[in-house]
Amino acid sequence: SFIGEESVAAGEGSILTDNPTWIIDPIDGTTNFVHRFPFVAVSIGFVVNKKVEFGIVYSCVEDKMYTARKGKGAFCNGQKLHVSGQEDITKSLLVTELGSNRDPETIKIILSNMERLLSIPVHG
């Protein structure tokens, strides 16, 4: 099976089944792309039985290829990635995406979540 982000965004229906399925977003960061903000990528995932087996993200402008496979770790341009040892959330940098849904109820939920996150004394 195949699920394309751009076709789903255009209103086509999509149902994830147990079938082997490719999930592809050819322009991940469409809004950035439209506004010439240089953080866009091509994102590809492969799912079997509704579980992700592997994913690939190619950051075009940075020329970085991120890969990950279930049980095998994650890599950037072939170099193994590691999480930091930081356990104190107050020493973290918070990054978020608001999404494109401007439905009033969705906005209310997003802003409520943001308020809870911003009340934690994070670095930024």
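In case you wondered, yes, glycine gets a Cβ from its N, Cα and C as well.
Automatic prediction, not curation, is the source of TrEMBL annotations.
Per TrEMBL, these features apply:
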| type | residues | note |
| --- | --- | --- |
| BINDING | Glu5, Asp25, Ile27, Asp28 | Mg(2+) binding site |
Asp28 (Mg(2+) binding site) CB neighbourhood, other CB atoms within 10 A: 19
Fewest-neighbour residue among binding-site residues, criterion Cβ within 10 Å, set Glu5, Asp25: Glu5
Cβ atoms near Ile27 (Mg(2+) binding site) (within 10 Å, other residues, all chains): 16
